[in-house]
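Here's the structure, in structure tokens; my notes come after.
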Amino acid sequence: MTSIQPTRNLILAIFMISTFAIGMTEYVVTGLLTQFAADLNVSVSTTGLLLSVYAISVAIFGPILRMVTIKISPKPLLISLMGLFIVSNMMAAMAPNFETLLVSRLFSAAMHAPFFGLCMSIAYNISPPTKGPRAIAAVQGGLTIAVMLGVPFGSYLGGFLDWRYVFWFISALGVLALVGLILCTPNQKPEIAPNLKQELTIFKNKNVLLILAIIVFGFSGVFTAYTFIEPMLREFAGLGVTGITVAFFCFGLGAVIGNFVSGRIRPDFLTERLILALAILAMALVAFTFMIQLTPLAFVMCFLFGAGTFGTTPILNSKIILGGKEAPSLSGTIAASVFNLANSIGATLGTLLLHSGANYRWITIIAASMIILGMILTIVTNKVEDKSLFAVEA
């Protein structure tokens, strides 16, 4: 397969286009649920499965698919995964019923974690040591830009035309990304062939296990609150459709800025900055329902919520890739899967709390408490982790 000689920035740009498309597929359904319900003759609550099943499938099938394909070189595997992504979105666009649409989501979810993991690994490997976290932030940046721009655009396109056009648009983005991957992805081959048994030793690595625990607690807390951000903005801030759209844009803008700012942190400062980021995020959630009662502050708080949430992801991804060097093929995939596991846990917990009678204010306080547990684990990690894994030359 012929490749041009791309620059590092061009490779990262192709990865960003790819992760933008994947991020749009993951999140755009939140703005299309009523259309799915009306067109496919199911209830709105049933269409919510398109979100929860996606997150659970990423967590379960992502690592399995990566383990099955561990002997395949990164470039052909990335191309194959993007091909699966395109087919799954075309399948969604032509879905004659809800069941077919749900199956298409399973295919999209299966490729999500391996694709992100491979992109992060390649991005880190083609970068100078001090710029590794920045490269990971660039890969993650496609997802955050999708949250900021892709999701509102998809919701608008679905409302203006039809929800099927949204998936055709994403399929076209996938084709663009596929061409870029074919032309620009470097042919990286490991010096030693990947060994699944060796890669699985990552689950005995205390550095990695601690980071996975931080993700589970921290991001479960995030999504316990995020699941209900729309009704909270209606109830406490009194926002209508336009105001909520602006608030979500502010969340996405904060996500983009937080992601790229934290991507500039040197590897040897990752843990200390993570403690600070989690502390700020917890405080923002505690204050959220109180502050958003003043409409201008609602937009500020959404910005801070987005910045805090996605400002931690490059740090955590970098720590897993650096800390799990015995599993270069599996570490990034595991990170992406656990983030989605936390997403699913948080959304489920938030729903259970609401059904048990907890109000939104208590839900945000409980969410903040979970993030504080993640922060405490980070403090413990700072004491016991192997600092040599994150040391770089100036």
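Placement of Cβ uses the backbone N, Cα and C atoms for every residue, glycine included.
TrEMBL: automatically predicted annotations, no manual curation.
The following features are taken from TrEMBL:
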DOMAIN    11-386  domain 'Major facilitator superfamily (MFS) profile'
TRANSMEM  12-38  transmembrane segment
TRANSMEM  44-65  transmembrane segment
TRANSMEM  77-96  transmembrane segment
TRANSMEM  102-124  transmembrane segment
TRANSMEM  136-159  transmembrane segment
TRANSMEM  165-186  transmembrane segment
TRANSMEM  207-229  transmembrane segment
TRANSMEM  241-262  transmembrane segment
TRANSMEM  274-292  transmembrane segment
TRANSMEM  298-322  transmembrane segment
TRANSMEM  334-354  transmembrane segment
TRANSMEM  360-380  transmembrane segment
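Packing against the transmembrane segment (274-292) from elsewhere in the chain are residues 214, 218, 221-222, 225, 232-233, 236-237, 262, 298, 300-302, 304-305, 308-309, 311-312, 315-316, 319, 360-361, 364-365, 367-369, 371-372, 374-375, 378-379, 382: each is 6 or more residues past its ends and has a CB under 8 Å from a CB in it. Residues 120-121, 124, 132-134, 136-137, 140, 144, 147, 207-208, 211-212, 214-215, 218-219, 222, 225-226, 229, 233, 236-237, 239, 243, 246-248, 250-259, 261-263, 265, 267, 270-271, 273-274, 277-278, 280-281, 284-285, 287-288, 291-292, 331-332, 334-335, 339, 389-390 of the same chain, all 6+ positions outside the transmembrane segment (298-322), place their C-beta atoms under 8 angstroms from a C-beta of that stretch. Take the transmembrane segment (207-229) and the stretches 12-38, 44-65, 77-96, 241-262: counting Cβ pairs under 8 Å, 241-262 has the most. Here the listed stretches are 12-38, 102-124, 136-159, 334-354, 360-380, and the one with the most C-beta pairs under 8 angstroms to the transmembrane segment (165-186) is 12-38. Most Cβ pairs under 8 A with the transmembrane segment (44-65) among the ranges 12-38, 77-96, 102-124, 241-262, 334-354 are made by 102-124. Beyond its flanks by at least six residues, the transmembrane segment (12-38) meets 6, 44, 46-48, 50-51, 54, 82, 85, 89, 98, 101, 108, 111-112, 115-116, 119, 122-123, 135, 138-147, 150-152, 154-155, 158-159, 162-163, 166-167, 170, 173-174, 176-177, 180-181, 184-185 of its own chain at Cβ-Cβ distances under 8 Å. Among the listed stretches 77-96, 136-159, 241-262, the one sharing the most Cβ pairs under 8 Å with the transmembrane segment (102-124) is 77-96.
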